[in-house]
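Visitor: Submitted below is the structure of interest, expressed as structure tokens.
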Amino acid sequence: MAVLLMLLVNNPGDWNHYVTPFKHVAWNGCRAADLVYPAFLFIVGVSLVYALGSVRNQPERHTNAMLRVGRRAVTICLIGLLISLLPHFYFTSFRIPGVLQRIAVVYLVCSLLFLKTTWRTQAWLTVGILLLYSVLLQVVPVPGIGPANLEPSTNLGAWLDRLVFGKSHLFDDQKAWDPEGLLSTLPAIGTGLLGMLTARWLRRRTVDAATKVAWLFVAGGAGIVLGMIWNGWFPINKNLWTSSFVLYVGGISIVVLAALYWLCDVQGYRGAWTKIFLVCGVNALPVFFFTEALERLWTRLKMHNAAGEKVYPRDWLYDTFFVPTFSNPYHASLAWALLYTAICVAILWVSYRRHIIIKV
């Protein structure tokens, strides 16, 4: 589900004309588009519990397990850096933080915590991380700038990223801050921990399915409500990955997972719609790399449009076939995203049927 939403969110025909739910909030607030990335981190926490569950109570196997985790984390991080380098490989100005880099860190840290700590410790760590992050951003003065603040380029996290990476290796055009920066990775680990705690609850054999689902709905609802309450003091903000954002989107993730668990695993409602989720999920990393790399490689090619201007092939296709077909530019942009998503799903479906699953 997260993969499908990612494809729709990241691939509009025209960024200036796209339906509001699929557009990221500029700063404070949350839309459907802002749920995608935290959903991936949440699922990272869920999946590692199932992947490492058999070795958790066997300390003699922890070293080998962490070596495998470390290798995967490094590989994911390197793939993320490769995406940042495309298409020109400008080592002096490529972005160092990134989506996959953060996933790698969360995966590594959460795996270690899962193997070495109890669920109670993990729960308290989650609470401690969220409170600590709130203090860091709202209380600690920003060196060379002044009092603590939550503005894009002057908050403590932005200052730390400029200090560690330098302006030339950050995300935005002004090179002043990065949404996947160092400090905001701390609460992102909290998102992974929420996924871990959810999975550990689902794996409990002494609790019946109905009770599991009921308490997950309670926990998810509580997260949503607490996030909305905390929003009054520490705004829900994806770019800063605020503590209220962690609770709010974590609560939504728990509720969605509980609903799917009840429908698919307990009630047995399975069909083509669940197969699509499976097909997309098993090759989530390759499809992310493919779409991100393709978006960057478009810029290496140019062709002439009807007016004789040089444009990227993607823009030529969109302007030639979609803009004239739809009178409403928002419909044209959405149609492009839907077709792009359908093509990606078709490729993933064929790959799955042919047992082509790319793992790291």
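Note: Cβ is positioned from N, Cα and C throughout, glycine not excepted.
Feature list, courtesy of TrEMBL:
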{"type": "TRANSMEM", "residues": "35-53", "note": "transmembrane segment"}
{"type": "TRANSMEM", "residues": "73-90", "note": "transmembrane segment"}
{"type": "TRANSMEM", "residues": "96-115", "note": "transmembrane segment"}
{"type": "TRANSMEM", "residues": "122-140", "note": "transmembrane segment"}
{"type": "TRANSMEM", "residues": "181-202", "note": "transmembrane segment"}
{"type": "TRANSMEM", "residues": "214-233", "note": "transmembrane segment"}
{"type": "TRANSMEM", "residues": "245-264", "note": "transmembrane segment"}
{"type": "TRANSMEM", "residues": "276-294", "note": "transmembrane segment"}
{"type": "TRANSMEM", "residues": "334-352", "note": "transmembrane segment"}
Visitor: Do at least three CB pairs under 8 A connect the transmembrane segment (214-233) and the transmembrane segment (35-53), leaving out pairs fewer than 6 apart in sequence?
Guide: no
Visitor: Short question: which residues 6 or more past the ends of the transmembrane segment (96-115) have a Cβ under 8 Å from it?
Guide: 37, 40-41, 44-45, 48-49, 52, 55-56, 62, 65-66, 69-70, 72-74, 76-77, 79-81, 83-84, 121-122, 125, 161, 165, 169-171, 178, 180-182, 185, 188-189, 191-193, 195-196, 285, 288
Visitor: Against which stretches of its own chain does the transmembrane segment (214-233) lie, if we need a Cβ under 8 Å and a gap of at least six residues from its ends?
Guide: 138, 194, 198, 201-202, 243-255, 257-258, 261
Visitor: For the transmembrane segment (73-90), give me same-chain residues lying six or more residues beyond its boundaries with a C-beta closer than 8 angstroms to one of its C-beta atoms, as numbers and ranges.
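Guide: Result: 96, 98-101, 103-105, 107-108, 285, 289, 292-293, 296-297, 299-300, 360.
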Visitor: What else in the chain is close to the transmembrane segment (245-264), if you only count residues 6 or more beyond its ends and a Cβ gap under 8 Å?
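Guide: Residues packing against the transmembrane segment (245-264) from afar: 1, 30, 34-35, 38-39, 42, 46, 130, 187-188, 190-191, 194-195, 198, 202, 209, 212-213, 216-217, 219-228, 230-231, 236-238, 270, 274.
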